Amino acid sequence: MDLRELVSALNDFASPSLAESWDNVGLLVEPSPPHTVNTLFLTNDLTEEVMEEAVQKKADLVLSYHPPIFTPLKRVTWKTWKERLVVRALENRIGIYSPHTAYDAIPHGVNNWLTKGLGACTSLPLHPSTVPRSPAEGTHRVEFCADAEHLDAVLSKIKDIPEISCLTTLPARVEGEEQTRVSLNCSQKALLEVVALLSQNSLLYHKTEILLLQKPLLPHTGMGRLCTLSEPVSLSDIIERIKGHLRLPHVRVAVGAGRTLESPVKKAALCAGSGSSVLKGTEADLYLTGEMSHHDVLDAVANGISVILCEHSNTERGFLSELRDTLAIHLQNKINIVVSEKDTDPLQV
């Protein structure tokens, strides 16, 4: 496939607009066009060892779950390992694409794969995603009625306020009088100016309605998952299930206050990678993630919530095999998809 055609297909699979605002997703390194992709190479982390593997396997595009370019590069030299990744990629005409938190959010993504380690359960996003694009512009809608005497003067002043859109007027009958109903969308900043303007006329102000505009939620899409198990299972059994699913000989466990390894787990909140900010404040019997800060673990335990930590990338990497099969169908088997054999968690127990 042509690189740009493939990137479009990957964006359709998981829209970059679903990624967190702080993230750096999409096509990060692009060889000069035209660039044809015969082999797509999947990895969780793009290290130098993994890049050499991609070169040896004649990859044309590396899909690295974690973005190897996150903070801006001021130069591209041989000095630092991330700069060298870019140099090696361009020398060998290899593109680099990263989905990261877009894959966390989608219903067929990393977090849903992680839920399979719990056993039979139903799950909902902890922080649902909203529709990326919505017809409504602005954050608020303001509606008020004005008579002919005041209408032109008010509209003239409103049109001078920046960040106002969708301004419409319609005939209206209010208390038996012919008036005009004005509707407009505006930003939070513009709202303050509109309200200040309307408040100068008590008749207008008392007929003003302000609506908060919210984008609709996307079903089954968002950060983290709250899982309700079909049947309660002991913490010790959940630990064994997680170890089996992630193919790990060891995990780290903190038992919640008042709980034991035999205490039942009915609700589990999980987040692949680093889950502290996503899980915090969620009521559950168990938190499952890759890593959490020491003090966040203490908070969870004090609230009677047990914690299982598996190391950051161990909660993500196993998804790549499932991703390979899913992408093969999505891309209609047009290209060869390979999963890295050198990609491993840097920490060992």
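Heads up, the Cβ atoms here are built off N, Cα and C, so glycines get one too.
Remember, predicted model here, so these are calculated numbers, not experimental data.
So that you can see what the record holds, here are the features copied from TrEMBL:
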BINDING   His66, Asp104, His312, Glu316  divalent metal cation binding site
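Note: the divalent metal cation site is recorded as His66, Asp104, His312, Glu316; in the same chain, Asn44, Tyr65, His100, Val110, Ala272, Gly273, Ser274, Gly290, Ser313, Thr315 also have Cβ atoms within 8 Å of that site's Cβ centroid.
By the criterion of other Cβ atoms within 10 Å of the residue's own Cβ, the least surrounded of the binding-site residues His66, His312 is His66. Ranked by Cβ neighbours within 10 A across all protein chains shown, the binding-site residues Asp104, Glu316 are led by Asp104.
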